[in-house]
Every structure is written in structure tokens, then in C-alpha cells.
Amino acid sequence: IAVLGPTFPNLAANVRKNVSDIYYIFVGRSLGCLGGSMVGGVVLDCMNAPTLLLALSMLGTTAGLYAIPWCKESLLLTILMSVIGGSMGILDTGGNVLALNTWGSEAGPHLQALHFSFAAGAFLAPILAKIAMGSPESEELAETEKTNQSVLKSVPTASTTPAPKDHHDEDFLWSYIIIGTYILLISIVFFVLYSKNSSAGDKSKASAQKDRLAKYHWPLVGLLFVFFLFYVGAEVTYGSYVFTYAVVFAEMTESEAAALNSVFWGTFAVCRGAAIFGAAFLSPATMIVMSLLCSAASSSALAFFAHYRALLWVGTAVYGASMATIFPSGISWIEQYTVVEGKSASLFVVGAALGEMCIPAVVGYLQGRFNHIPVVMYTAFATSVVTVLLFPVMYKLANTPQENDSKEVSDSETRKALLSNSRLTEDEEDEEDVKEWNDADFEVIEMNDKLKNSLKDTSPRIAGDSPAEVSLQPHLDNVLGNSPVAAGGSPGRQNGNLDWEKSE
């Protein structure tokens, strides 16, 4: 993305136009990025193969980069820029979704590394272009290189530079060829990954995640869309206009203004690199809150106390550092509460792209109308206030429990209560039964003892009793459990004993 800034005059010369006449290639690339983000989200959900989609998008980027240096018509150049923008939109959407699908809840450090690579590329691409051109002739390219390390380049700064009339130096094409070849190699790697992965497993995994949608899924996505619109718009606006602010309002020299711009993007890149390790220890919500507080404090200092040189330098450094981690932290944060599919991720990228297009354009228009007011600083402060107010609302919506979850909790509590009550009643019934049986056993034992004692008392008189009375004794023995039958004897033996007793 960043290679377009320093090679912009060469591209204008290649199509025989002035720089101010081909500003629409930025519009074409931005529209292509918007379209690619929206189409990529839908295609990603239908294909469910992010590795294949990324491979195809990078293949399209490679084709566009190879063709741009040889393009001699401005209309064709705009079409190629739109193709590259569409491929980049797909790449932005698919890359975030692939990281979330691969690492899930542990994707925080990986998302930070993914977005750090954007900052690293934005830093290295202009240097590569300068080396490839090998032209020490103008400092204009160096200034453009330093001021245009963002997705949308500062068109007003570049538009004041006319294209060299007879400049046909095509050394700049090597930067496009080198970057295109690098992207081609990465696309081959993704094709290999796609051939080794089974799409069935991805589909089953995706279907298993469908029931993890938050209660307010789409309101959350919409609010995060607005959140990213203001955040990315503020980031690109400050990076694009801080050079002009430093020259016009702070009355700095161009070298000092370029250094101030480098401080912003340098702290931005360094903080994104440090966030790779910080995300392993801090939650995404914590990182977002820290970033929002730092951005609010630094933007307040820049809006109201920037006339102090020291505060301008410190505020710029802190503002760049605070803006570094918000986008990847926001994506990893919402993934903890709901499923981030292709459509959701595409809305995030579309919101960021709209912020890149709209807010810098509005600031440029207002700055031209009110040239005595530092519009860029007030914009930074206003966007910080908006993002600080939006995040608590999103946090509240994300933590709202679903009705199914509350019903499940109440059902589980009811089941536990019923189980505990049933166990208590069963235990009580068992205790009562045992008590009843014990009481019955004691009554039987007492009755047996009384009968035995009474029999012992009447045994001396058995000889004088009548046969009818004597015949009752075996029955009593049976009742008391002392009969031969109860002791394991046979009925015949019992009858024998009775006959013997009668004969006696």
C-alpha cells in the first residue's frame, strides 16, 4: 500500500499526466478496497476456505503490481489500482478471519503480529522504492515518503508537485516487481496450505461455532463499525496532516516537520510490535481501555496545548503509540463474545476504509475554509471522545446474557433444588422406615422374652396339664422361632416329638 506515495510522480509521468490530474487513482483504490471487503466477506462465508481466498487475492495483487509500471494510460492505471484495492480488501477481511479461526480465543498476540506487519511494510516499502529509483535528485520524494506512510496518502501535499515533463526513468518499476514477487511467493504458500487442509473440518468447526452468537450480535457489529470508522479515520488524518500542521501552525522547518511525522509513525510501529508480547499477558479489553485513555489524554494536550513545542512532540509520540493496538485488540475483544464471520469482518474493514476516505477529506476541506484553526488537532480530540464513549456501550451489550443462557441457569438451579429435596425426602423416608423397623423388632423381641418367661414359669405344671393345653406348646415354639421347622428340622420329626409328648 505504502509504495504508491513515493512513486506517485513517476506513475504520473508514465501516463503523461501531472500529479494533480491523477488524484482519482486514490479514489479508485479506496473504492476497490471497499468493494473487495464487502464481496470478500460474503465469498468467505460461502467458500469457507480462507486460505484459498487469500491465495487468490494475493495472486490478483501480484498481477496488478506487475502491470502498473508498464501502464501508459491513466484510465487503465485507475482500473489496476481498483483491482489491487479489491484484492487488499479481501486480504484484510480474510486475514483477520483466518487468524481468529486458527487460534480462537488465543488469537490476541497473533492479531497484533498481523497488524504489526502492516506497519512494518508501510515503513519498508518507501525505503525500497527510494533504493530502487536510486535518484538523489529531489527531497520531494523523501518528504512524500515520510508524510505518506498510511493507507490514504496526502493528496494535497503531492498535488503541488508537477510531474517532470521529460522524465521517463523507469527504475521505479523494480520496487513494484520486487514487492509483487514477494506477494506471489506468499500466495503459493497459501495455495499449498489450502491443498493440505480439509475444508470439511473447517465447515464442521464453523457450524459448531454458530450457536455462540451474542444476544446483540449485529448491534455490536454496527457499533464496532462506527468505532473503527472514527479510530482509523483519526489515525490516517493525523498521519497525513501533521506535517502540514507543523509547518503552518508550529512554524517548524520541513526537516523538523518530517521528523515529527516520523515520530508518530515510529511510535505507532514500535508499539504494535510490543503489543505482540503485551497481548499474551493483558486482555483485549484492558489494552483497549489503556489505548483509549492515552489517546484521550494526548489528543487533549495536542488540541489545547500544542503551542508548547515539548507537548507537541510528546503528545504526537503518545498519540501514535495509543493508536497502534486498538484495531487488532478490538477484533480479538469482540471474538470473545460472538462469532466473527466473513460478513462481520468485512464490515469492520469497510468501516475502517470509510474512515480513511471520509475523515481526511472532511478535515482537508475544513482546513481550507478555516485556515487559522488547527482542524486536525480538534479532529483528533473529537474522535477520541467518540471512541471513549462508544466502548462502554459495546462492553455493556457484549456482557448482556442471552435468554437461553438465563433459562438454562434457572433450569439447572431448579433441577439441583429438586434433586437435593428429593434426596432429603428419600433420606428422611429411609430414616423413618429404619426407625419403624427397629421399633417393630424391639416389640417382637420383648414379646418373645415375655413368652419365654411365661413358659418357663408354667413348665413345672406341664405334666399336670391337659393334652389340649400341652398341644399348644409346639405352636408357641413355632411363634417364638424355636420349633424344629424354624431351626431347620423336618415336619415328620416334629410330629414324632408331638406323639412322644402325648404318650408321656
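Cβ atoms are placed via backbone N, Cα and C, with glycine included.
Where the annotation comes from TrEMBL, it is an automatic prediction and has not been curated.
Here is what TrEMBL records for this protein:
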COMPBIAS  147-162  compositional bias 'Polar residues'
COMPBIAS  404-416  compositional bias 'Basic and acidic residues'
COMPBIAS  426-439  compositional bias 'Acidic residues'
REGION    143-164  region 'Disordered'
REGION    402-439  region 'Disordered'
REGION    453-504  region 'Disordered'
TRANSMEM  22-44  transmembrane segment
TRANSMEM  51-69  transmembrane segment
TRANSMEM  75-101  transmembrane segment
TRANSMEM  113-133  transmembrane segment
TRANSMEM  173-195  transmembrane segment
TRANSMEM  216-234  transmembrane segment
TRANSMEM  274-298  transmembrane segment
TRANSMEM  310-334  transmembrane segment
TRANSMEM  346-366  transmembrane segment
TRANSMEM  375-395  transmembrane segment
Two-stretch contact, the transmembrane segment (310-334) and the transmembrane segment (216-234), at least three Cβ pairs under 8 Å: yes
Among 22-44, 113-133, 216-234, 274-298, 375-395, stretch most in contact with the transmembrane segment (346-366) (C-beta, under 8 angstroms): 216-234
Recorded stretch, among 75-101, 113-133, 375-395, maximising Cβ pairs under 8 Å relative to the transmembrane segment (216-234): 375-395
Ranked first among 22-44, 51-69, 75-101, 113-133, 274-298 for CB pairs under 8 angstroms with the transmembrane segment (173-195): 51-69
Long-range environment of the transmembrane segment (22-44) - Cβ separation under 8 angstroms, sequence gap at least 6: 4, 11-12, 15, 50, 53, 57, 74, 77-79, 81-90, 92-94, 97, 152-153, 155, 159, 341-347, 349-350, 353-354, 356-357
Same-chain residues near the transmembrane segment (375-395), Cβ under 8 Å, at least 6 residues beyond its ends: 220, 223-224, 226-227, 230-231, 233-234, 237-238, 241-242, 244-245, 285, 288-289, 292-293, 295-296, 299-300, 302-304, 306, 319, 326, 334, 359, 363, 366-367
